[in-house]
């Protein structure tokens, strides 16, 4: 019998935005400069990285 595949849980798109008191939505994550708006970078301890294209920015 084949082993079952593990399904990775991705964050909901609504969790990546914050809404202020006036009702304006802003992003809580950094957008990838290569991929453009809508593709967010993951925040790690020492870097920001894009999961789509692999672009990485190191924290100072």
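The first residue you see is number 1, and the count goes up from there.
Glycine residues also receive a Cβ, built from the backbone N, Cα and C atoms like all the rest.
So that you can see what the record holds, here are the features copied from Swiss-Prot:
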- 32-53: zinc finger (ZN_FING)
- 32, 35, 50, 53: Zn(2+) binding site (BINDING)
Note on Zn(2+): the CB centroid of 32, 35, 50, 53 has further same-chain residues inside 8 Å, namely 33, 34, 36, 39, 41, 51, 52, 54, 55
Sequence-distant neighbours of residue 32 (Zn(2+) binding site) in its chain (C-beta under 8 A, six or more apart): 39, 40, 41, 50, 52, 53, 55
Restricting to the same chain and to sequence separations of six or more, state which residues have a Cβ under 8 Å from that of residue 35 (Zn(2+) binding site). 50, 52, 53, 55
When neighbour density is defined as the number of other C-beta atoms within 10 angstroms of a residue's C-beta, which of the binding-site residues 50, 53 has the lowest density? 53
How do the residues of the zinc finger (32-53) split into helix, strand and coil according to DSSP? 0 helix, 13 strand, 9 coil
